[in-house]
Amino acid sequence: MKTVPRFALLSAALLGSAALAQTKQVIGVSIPAADHGWTAGVVYHAGVAKTQLEKMYPNAQIIVKTAKDANEQANQIQDLYTINKISALVILPQESAPLTRPIAALKAKGVFITVVDRGLTDPKAQDAYVAGDNPGFGNVAGRYISKALGAAGGNVVILRGLPTVIDNQRNDAFNAAIKSNAKIKVLDAKFGNWNRDDAFKVMQDYLTRFPKIDAVWASDDDMAAGVLKAIQQAKRSDIRLVLGGAGMKEMVQRLIKGDALITANVTYPPSMIADAMRLTVAHVAGGKPIAASTIIPSVLITKANAAQYYFPNSPF
Amino acid sequence: MSVSDTPLTPPARHSLLARVAALGPLLGLLTLMVVATLLNSDFLSFSNLTNILTRAAFTGIIAVGMTFVIISGGIDLSVGSMAALIAGSMILIMNALVPHLGNGWSTIVVGMVCALVIGGLAGLFHGVIITRGRIEPFIVTLGTLGIFRAVLTYLSQGGSISLDQDVGDHYGPVYYGSLLGVPVPILVFTLVALLGGVILNRTRYGRYVQAIGSNEQVARYAAINVIGVKIATYVLLGLCVGVATLLYVPRLGSASPSTGLLWELEAIAAVIIGGTALKGGHGRIWGTVVGAVLLVTIENVLNLTNIISVYLNAAVQGVVIILVAFFQRGNRR
């Protein structure tokens with residue numbers, strides 16, 4: 001209980017208000033509902049982190065809420081403040097623009113705000129920012145494909161996600177990275193919408209259109225799953241590698257087993273929500289300082305380090 | 001009591017113009033195919049054409065069932081979510097059966113029967129609520145659209161439900177296999193379409209469906225069991241969704257919350273492009289089949305070329321859909 005007066009002092013100094021000094025720190029976590037693999041991973045890791053952190057910090061209570069859209073999320077954080085009296089909020093916004101104002105309003109009332117992954121349109125609305133590295137995600141993938149194809153180069157096809165800022169950042173960084181290998185030719189880049197079925201169709205059409213493809217940057221593991229099926233169906237043997245991304249457990253498992261086409265993966269870990277929660281709780285309940293911005297790098301998973309990125313219990 | 005001589009169906013139009021208009025979707029498809037061939041000669045390759053028809057099979061089979069529902073004056077917005085839920089439940093059931101029945105055909109057949117039963121029951125539920133409960137089909141199926149997908153998301157915890165690998169290997173041929181060089185999904189699609197055409201045009205039930213859509217009140221006075229016929233259209237559609245799912249599951253061996261997203265719109269679009277009136281009364285199965293193939297072809301053509309910005313794909317699809325509808329507008333009044 002030693003930390004309580006310390007926190008009171010801290011919040012008084014930090015927020016100019018001592019009203020938040022309570023015996024129990026309530027931390028709200030607001031995340032998108034599990035609607036596809038990656039967000040399902042976010043929900044899973046948030047749940048695991050809640051259990052761990054509440055054990056580590058007996059003076060902290062963590063409430064995890066999921067929302068299906070920006071509107072619902074804005075209502076939820078309002079309720080977290082008025083009903084649960086949270087002193088800190090860890091939020092992965094569904095959408096940046098519509099949530100910036102509600103989050104700023106909460107900060108003005110003295111709630112410590114940690115924003116995760118999707119940045120707000122006004123960074124002043126947050127105290128801390130924890131995010132994955134989207135340009136890094138494209139860069140690591142581009143460098144791996146350049147190196148894997150070697151001096152001879154080859155033909156590459158790209159499956160993009162949905163037309164969003166995230167996808168543009170990844171794609172631009174990928175294209176910049178493969179420029180280092182002049183012999184690589186990008187045949188086309190089409191949207192697979194981060195979806196297995198759509199990726200399957202786009203890949204079928206790529207296979208019809210291009211007689212020789214050396215590598216596929218599927219840019220996501222769900223899409224890679226569809227790509228692999230299309231290649232298998234067309235019985236094509238010219239493709240040497242398929243690079244997905246995000247570290248889905250089925251793909252990491254293939255890596256461990258030594259799949260011929262899946263030789264690497266690039267992380268964009270849904271566990272970043274757990275990192276953000278750890279940093280925030282350590283700050284408000286443990287008094288540890290927190291950096292204004294924490295970028296979780298995208299790293300290359302290969303057979304050598306795959307075991308440490310394999311979470312068999314996660315739905316993703 | 002015969003209804004064949006009651007003026008329930010619209011009079012046949014024999015003018016040349018109307019006949020050409022009736023061929024609207026077919027002409028649209030042929031034009032699109034010519035354009036596609038000019039853009040990329042691989043379009044007409046056997047493997048590409050089978051790819052197109054195989055993909056069209058999913059929404060096409062659903063659209064055949066949807067044709068009945070729409071002709072009778074109803075609508076079903078839930079079919080995409082229903083397909084996802086059936087796929088998820090079917091996979092869970094088969095996975096659970098592996099320790100008891102092994103990973104062979106007995107497990108798969110039980111899974112298939114379950115898929116059809118779930119589809120049929122979902123259709124029965126829709127039909128009963130809509131007719132007995134007297135709630136607009138739009139509202140009922142809008143509700144179940146949310147319910148079905150939410151249940152699947154719950155079952156999968158937002159991730160994906162994957163089929164046992166060995167069962168998947170046995171089941172694979174149902175999608176990837178072929179008979180006399182024709183892929184199984186295309187054969188099933190053809191069979192469903194032929195059956196649908198026979199039921200709609202050659203049976204008393206088919207005439208009742210058209211009569212009800214044309215004028216429900218008159219059909220009631222003609223002693224047609226309106227409630228029974230309507231319920232049956234939803235059950236028929238549910239079974240079609242079940243059949244489509246049987247073909248879908250072996251493709252990727254998994255179901256996730258994004259499975260079957262927007263299939264309802266594709267199926268409805270195929271029916272309308274095919275010349276069935278959205279307000280009910282009359283329609284045709286062959287038109288629906290052409291409509292389903294046309295929709296998939298647009299997507300395929302866009303993937304085979306890169307002359308149009310990828311951001312505009314949906315716009316091209318929209319333009320083609322509206323154009324086809326425009327050229328056959330004389331057919332629907």
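Numbering starts at 1 and runs along the chain as displayed.
Any Cβ shown, glycine's included, is placed from N, Cα and C.
Curation plays no part in TrEMBL annotations; they are all automatic predictions.
Annotation source TrEMBL lists transmembrane segment at B:20-40 (among others).
Per TrEMBL, transmembrane segment is recorded for B:52-71 (among others). Panel annotation: around the transmembrane segment (B:52-71), residues 79, 83, 137, 175, 183, 185-186, 188-189, 192-193, 196, 199-200, 209-210, 213, 233-234, 236-241, 243-244, 247-248, 263, 266-268, 270-272, 274, 276-278, 280-285, 288-289, 291-293, 295-297, 300 of the same chain, lying at least six beyond its termini, place a Cβ under 8 Å from a Cβ of the stretch.
Residues or ranges marked as transmembrane segment in TrEMBL: B:78-98 (among others).
According to TrEMBL, the feature transmembrane segment maps to B:104-125 (among others).
Under the heading transmembrane segment, TrEMBL lists B:137-155 (among others).
According to TrEMBL, the feature transmembrane segment maps to B:175-200 (among others).
Residues 1, 3, 6, 8, 57-59, 61-62, 64-66, 68-69, 72, 74, 76, 79, 82-83, 86-87, 90-91, 111-112, 115-124, 126-128, 130-132, 163, 171, 174-175, 184-185, 188, 192, 205, 208-209, 211-212, 255, 259-260 of the same chain lie 6 or more positions beyond the ends of the transmembrane segment (B:221-249) yet place their CB under 8 Å from a CB of it. The transmembrane segment feature in TrEMBL is assigned to B:221-249 (among others).
Taken from TrEMBL, the feature transmembrane segment applies to B:261-278 (among others).
The transmembrane segment feature in TrEMBL is assigned to B:285-302 (among others).
The feature transmembrane segment is assigned by TrEMBL to B:308-327 (among others).
If you look at the transmembrane segment (B:137-155), the same-chain residues 6 or more away from its ends with a CB under 8 A from one of its CBs are 69, 74-78, 80-82, 84-85, 88-89, 92, 122, 125-126, 129-130, 161, 255, 257, 259, 264. Beyond the transmembrane segment (B:175-200), the same-chain residues lying 6 or more positions past its ends with a Cβ under 8 Å from any Cβ of the stretch are 50, 53-54, 56-58, 60-61, 64-65, 67-68, 71, 206, 209-210, 240, 243, 247-248, 250-251, 283-286, 288-289. With a threshold of 8 Å between CB atoms, the same-chain residues lying at least 6 positions outside the transmembrane segment (B:20-40) that come near it are 273-275, 287, 290-291, 293-294, 297-298, 300-301, 304-305, 307, 320, 323-325, 327-331.
Here the transmembrane segment (B:308-327) has Cβ contacts under 8 Å with residues 21, 24-25, 27-28, 32, 269, 272-273, 294-295, 298-299, 302 of the same chain, all six or more residues outside its ends.
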